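Participant: TrEMBL feature annotations, pasted as is:
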DOMAIN    A:142-359  domain 'ABC transmembrane type-1'
TRANSMEM  A:14-35  transmembrane segment
TRANSMEM  A:88-108  transmembrane segment
TRANSMEM  A:146-167  transmembrane segment
TRANSMEM  A:179-198  transmembrane segment
TRANSMEM  A:235-257  transmembrane segment
TRANSMEM  A:278-300  transmembrane segment
TRANSMEM  A:340-358  transmembrane segment
Amino acid sequence: MNLDFDFAAEQPKLVQLLLGVVAFCAVVALLLLLLGGAPAQPRSRPLAATLLLRLLGPAPTRARVRLLLPLSRLLGRVPVRQRAWPQAAVLLAPALVLLGIGLVVPAVRTTVLSFMNGDGTAWVGLDNYAWMFTQPEAVTVLRNTLIWVLLVPVLVTAVGLLYAVVVDRTRFESIAKSLVFLPMAISFVGAGIIWKFVYAYRPEGSDQIGLLNQLVVAFGGTPQQWLLEPPLNTLFLIVVMVWIQAGFATVVLSAAIKGIPAEIIEAARLDGASPLQMFFRVTLPSIRSAVVVVLVTQSIGTLKLFDIVRTMTGGQFDTSVIANEMYNQAFRYGETGKGAALAVFLFVLVTPIIVYQIRQRREAAR
Amino acid sequence: MASIVLSNVDKIYAGGVKAVNGLNLEIRDGEFMVLVGPSGCGKSTALRMIAGLEDISGGEIAIGDKVVNHLPPKDRDIAMVFQNYALYPHMTVEENLAFGLKLRKMPKSEISKRVGEAAKMLGLEQYLKRKPAALSGGQRQRVAMGRAIVREPQAFLMDEPLSNLDAKLRVSMRASLNTMHERLGVTTVYVTHDQVEAMTLGDRVCVLRDGLLQQVDTPQNLFDKPVNLFVAGFMGSPSMNFVNAELVRGEGGAAVAFAGYRLPVPDATFAEKPGLDQYIGKKIILGIRPSDFEDSVAANGHAGGWVRLPVRAEVTEELGSEINVLFLIDAPPVQHQDTVAAADAGDDEDATLPLVGDKSLWTARVNSRSHVRPGQNIELVVDTHNLHFFDPASGLSIGHAANARV
């Protein structure tokens, strides 16, 4: 099975780019050719038949026509619903082709590779998966990912919700929301670097350049190497993620809170709800779908988290997560099989969340 | 149950807008009081101040004999029904009804008893397990009522509760509201912009305009004895016809002259309206209810002593039992601020005829036996005992008891 597509990779960079452009143009041109020639009245001559004629040559011979005519009649006679199929196929083809090249083939290839050894030359069965679930260094990665997935969505939602409720209908609401939303504009890598400075360490006695250690020193403590000591260092990385994402949660949840009709809040006040009862029995149930959206997007985002860990620790000191380890194994250590196995496992983890999200959306649409 | 007393209540919004201005109103124990007025008149604000949803800028509100100015809404022992129902969408009907009781830590058995009773009374028993989204508008409205009923409060406050329903349902809900009030006898304050609702529901009706109280009285008294041009124009549909006229005394007694017509004013009218005689020889604004007209043919001699008024029907609106005849009279429309305000607010079904020259459009409501067609000339008779006279400067009704004191 040759799924390497190496012929392109061996070319110089510019040629690679050119090949991509040519492939894209070819698809578009094919599409234009097919659509441009479509008859104005599909009933008189079904598109599929036209396509068949076209594909068989610009000037069909009598013999070809004789061959094709019954076929096109057949196509012309089937009900509209079924006749739409060939047209749909033509229209969908470019997207399907691109999806296939970009998604399906790599997915299949990754899955296949996950059953092979480091350089993809021999089958090893489930060895890579066994490694993932038994070897300490791999289990640590899974454990870290679990901590991330359990903590980040909950923390992000809680912080966002709290913030949204607290600033709701205050005088500084828009400023406050802009401030908390600002980190969203910073890339994960940028945020990682910023927070690396926050956590920076200088030996006791010398000037601290990290904010956190400066605070610790100011209160009479001794500076710590925050990112070096597991398992707390994972929590310090999680803080960065929460810092970035809390703004997103705030904005989404704040909009949902504003969407609750004022009369419902007033009715609850008349019914005698205290602020806490109001929050848990009226506000929270009313914005349930928005909370689910935040939880789900954060879960997915956390599962595939890579940048923060890569920038701040590179996965050292027991901080690695699946996505980071996948990259390390596949591209740094040359263990393609293990990297692929991690990728497949990540995919398996994300799938149920996506399924849940789609179900939710369908329910909401109903 | 309790009375509600508002004394000199003001509401001033940030920016200095005075939504309610020195409102004095006493709602008696068990009374059905309707606040009515055009939008922006402050009626909803007044209601929300009673509920405690708006701060009171000045004055005092008492429920029962307790001043409630600084009590939070939940301690005022009132229940409110909102225009858009304001049901909790994530709770079933049963939970919606029970929510207020649960928060008040009422025992479970009592809650289920009250919910059961209210559901039975409102015909909601088979919907108890449903969520509001699965109910029709009328059913939601009943749940909203039920939520107020189970609380057994001192007073019900209703903010245009029927205006989201279609016309037919509104009529039947109006009837059930009436029976409900009859049965429970709870003090009710009801806000609406619909004067028909106000007339049919209220024990008494309070007409507001620009935050100022205009008149509080029974519906019939509001209709028969409006205190000023605004109330006269706002209450009643189709609305009252107005014209600038002159009160004169000639041979054969007093008369009011306008647009080439002369209507005699009976002596009884002068007796009823003290001070009217002082206006003889002066300008006044004359008001005639459309229902005080009749087609002379259809009236069939019943109109003894009524005055005849030959007009040309421009437009007719056939309502089955009656016909609205729209006709032009040769006088400029009355441009008093009160009549303009009332016309803007009222849900007038006036056909907009292009008014040629200085003519004003009047409406007469005649019996359908008249069979009048547009363009026909007909002779209308007027019941001159029901003429309304207003001061052209102040817009106040001449001879009204409330204005005599001023």
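Backbone N, Cα and C define each Cβ position, glycine as well.
Remember, TrEMBL labels are computer predictions, not curated facts.
It should be emphasised that the depicted structure is a prediction, and the values quoted were computed from it without experimental measurement.
Map the listed features onto the structure and describe their local environment.
Facilitator: Listed by sequence, the residues of this chain that lie at least six past the ends of the transmembrane segment (A:235-257) yet keep a Cβ under 8 A from its Cβ atoms are 147-148, 151-152, 155-157, 159-161, 163-165, 167-168, 177, 180-184, 186, 188, 191-192, 195, 199, 226-227, 283, 286-287, 289-291, 293-294, 297-298, 301-302, 305, 308-309, 312-313, 319.
Same-chain residues lying 6 or more positions outside the transmembrane segment (A:278-300) and placing a CB less than 8 Å from one of its CB atoms are 149, 152-154, 156-157, 160-161, 165, 245, 248-249, 252-253, 255-257, 259-260, 264-265, 268-269, 350, 353-354, 356-357, 360, 364.
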Participant: Same-chain Cβ contacts of the transmembrane segment (A:146-167) under 8 Å, 6 or more residues past its ends?
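Facilitator: Same-chain contacts beyond the flanks: 173, 176-177, 180, 231, 234-235, 238, 241-242, 245-250, 252-254, 257, 279, 283, 291, 294-295, 298-299, 301-303, 305, 321.
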Participant: Near the transmembrane segment (A:340-358), which residues from the same chain, at least 6 beyond its ends, have a CB less than 8 A from one of its CBs?
Facilitator: 107, 110-111, 113-114, 116, 128-129, 131-132, 141, 293, 296, 299-300, 303-304, 322-323, 325-326, 329-330
